[in-house]
Amino acid sequence: MALILTSQQVKALDQTLSEKGLLEVTVENAGRSVAEALHRHFPDSRVLVVAGKGFNGADAVVAARHLLALGHEITVLAHQEAHQDSLKKLQVFTKTFPLTVDQVRHHMAKNDVVLEGLLGTGFQPPLSAEYAALIEALNMSLKPVVSIDLPSGVRADVPERPELAVRATRTFALAGLKPCHLFEPASEWAGETELLSIGVPGQYTHQFTSTHTVEPSDVQQWLPRRNQNAHKGSAGEVWVLGGRSGMTGCVALSTLAALRTGSGLVRHSSVVPVEHAPAETISHALQDWSEVKDLPFKGAVAVGMGLGDQAEDIAAMVLEKHLPTVVDADALQTSLRGKGHERTIFTPHPGEAARMLETDVAEVLSDPLGAVRTLQKQYGGVVVLKGGPTTIATKQTTWVNTSGNPGMASAGMGDVLAGIIASLLGQGLSAKHAALSGVYLHGRAGDLCFERHHYGLQASDVAHAVGPAWHALLHGE
Ligand SMILES: NC(=O)C1=CN([C@@H]2O[C@H](COP(=O)(O)OP(=O)(O)OC[C@H]3O[C@@H](n4cnc5c(N)ncnc54)[C@H](O)[C@@H]3O)[C@@H](O)[C@H]2O)[C@@H](O)CC1
Ligand SMILES: Nc1ncnc2c1ncn2[C@@H]1O[C@H](COP(=O)(O)OP(=O)(O)O)[C@@H](O)[C@H]1O
Ligand SMILES: [K+]
């Protein structure tokens, strides 16, 4: 499992490691991990190593020593305030040069790859003129640039566009991913990100954060299993409430996704005829939405898709019944604050999240992890803040899901997600497991389709690919 750490959490971890006398060994481990990873990606390369004055620079200096041991030719440019102990150990084997723009330009041409450890999680804007000039020089490189921990100039916790930062080909994140590795636009500066160990057990680091990635191996265990004698009455039910005139496709898509996720019975209700609903579904037509209160619900309910003005009242009424419920789309309104219970899942996209938080979309996107936590606190239940990537929050924990792709930026994709999650709820998963497994499967199904359809991916393609994605997950493909 990849942990996600903020700069404050890294600071607290460093502080504790330092108190236990372990900081030096972790810097050594970090440097060695970086050298070994660079060696894997760029064997036999000549490496220009650029080291700043903080621990990020210390990692670079240690990495340089291990690169030498691995047989690389290296040139090291070190800041005059670079970590002295590490530097002395390196200077036993090779001389180093002062870190200046001229030296960077001069040595860049003679090397195959640049390893930069200028600034890490300790970076606070604004950039000094000295570092700005160095970063500009590095960005002129025609050679691949590898960043240690994060691209220098990017703020670890802030996914906003940096003023000026290293454009890395590859980034080796240390101990945990940082928000800047996961969320755009900042993540674009990192190139390919790989997480490396600093020799501290994950269990230990876990004390410092309750945020991590959704793991396929966990999802595999949570997904429902069927007995040989399963029948439609034992495979879970879903009831979709939504649609209005001209907006019934969303109900069709949610019900299709629920069937494709394995629900034994899928029903839907609306005040207008739902065109194109799969033939396998059962329709309970309503004259008026007030009739919802008398429906004989069983299994899970998904409410809100295309429902219009009355969605929040209908959702409030369903929530009072304490059924496993997915609250989506038009139902995601401020009047539902505090109404989520342990079997409720709210699934806003950033626009709906902004409405729920009474803020704007830019604010939500500037801190998706903070936004999903605030939503959970205000609304209760489990919150799925959709996006690329999606974040999920329970009362205790926050997750980031990394399956999915930009081909999924098309209409109806959220309706499919709501149907998948409702299906898993109806098959007996807890809200936490249904939300996490549903978000993961949705993204993985999208990834399966992307190869074939690219940006022409339709929401219904994803619904149809849930089974193959599930199968691939179970069989380790
Ligand atoms: N617990 C961990 O996760 C570990 C972290 N390590 C490394 O330590 C790094 C964090 O180390 P530090 O806290 O020393 O932070 P940094 O290495 O990011 O650097 C802080 C230094 O940069 C300077 N600086 C900050 N903002 C600046 C600006 N705007 N312009 C110019 N200079 C600026 C500071 O004055 C300070 O000297 C991580 O990114 C990682 O590379 C590793 O050494 C191993 C252990
Ligand atoms: N770039 C992307 N990367 C990963 N997932 C994406 C991306 N774009 C969209 N998605 C996923 O597609 C879904 C879109 O949902 P939503 O905006 O509610 O669509 P709609 O309202 O049209 O049904 C979400 O689950 C989102 O995470
Ligand atoms: K860096």
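Every residue, even glycine, has its Cβ placed from backbone N, Cα and C.
The domain 'YjeF N-terminal' (10-206) scores a mean pLDDT of 97 in the predicted structure. As annotated by TrEMBL, domain 'YjeF N-terminal' applies to 10-206.
Sequence-distant neighbours of A58 ((6S)-NADPHX binding site): residues of the same chain at least 6 apart with a C-beta under 8 Å from its C-beta are V27, G31, A51, A82, H83, S86, G117. The (6S)-NADPHX binding site annotation in TrEMBL covers 55-59, 120-126, Y131, D149, G306, H349, D415.
Close to S152 (K(+) binding site) in the fold, though at least 6 residues off in sequence, lie G52, N56, E116, G117, L118, L119, G120, F123, Y131, I135, L138, A165, V166, each with a CB less than 8 Å from its CB. Sequence annotations record features per position, and here TrEMBL assigns K(+) binding site to N56, S152.
Here TrEMBL flags 215-473 as domain 'YjeF C-terminal'.
Taken from TrEMBL, the feature AMP binding site covers K386, G387, G388, P389, T390, G414. In the structure as shown, the Cβ atom of G387 (AMP binding site) sits within 10 Å of 22 other Cβ atoms.
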Study note, to complete from the structure: Least Cβ-packed of the binding-site residues N56, T121, Q124 (other Cβ atoms within 10 Å) is Q124
Practice item. Using CB under 6 Å from any atom of ligand 2, narrow the binding-site residues F55, S152, H349, G388, G414 to the ones that qualify. Key: H349, G388, G414
Exercise for review: For T390 (AMP binding site), find which of the binding-site residues T121, Q124, H349 come within 10 Å, Cα to Cα.
Suggested key: H349
Check your understanding: When you tally the Cβ atoms that lie within 10 Å of each candidate's Cβ, which of the binding-site residues (G388, G414) has the highest tally?
Key -> G414
Exercise for review: Would you kindly give the Cα-Cα distance separating H349 ((6S)-NADPHX binding site) and G414 (AMP binding site), rounded to the nearest Å?
Suggested key: 8
Practice item. Sort T390 (AMP binding site) into helix, strand or coil using the DSSP assignment. Key: strand
Point to revise | Contacting binding-site residues for ligand 3, chosen from N56, A58, Q124, Y131, S152, H349 when the Cβ sits under 6 angstroms of any of its atoms | key: N56, S152
**Study point:** Neighbour-count leader, CB within 10 A, binding-site residues: H349, K386
**Key:** K386
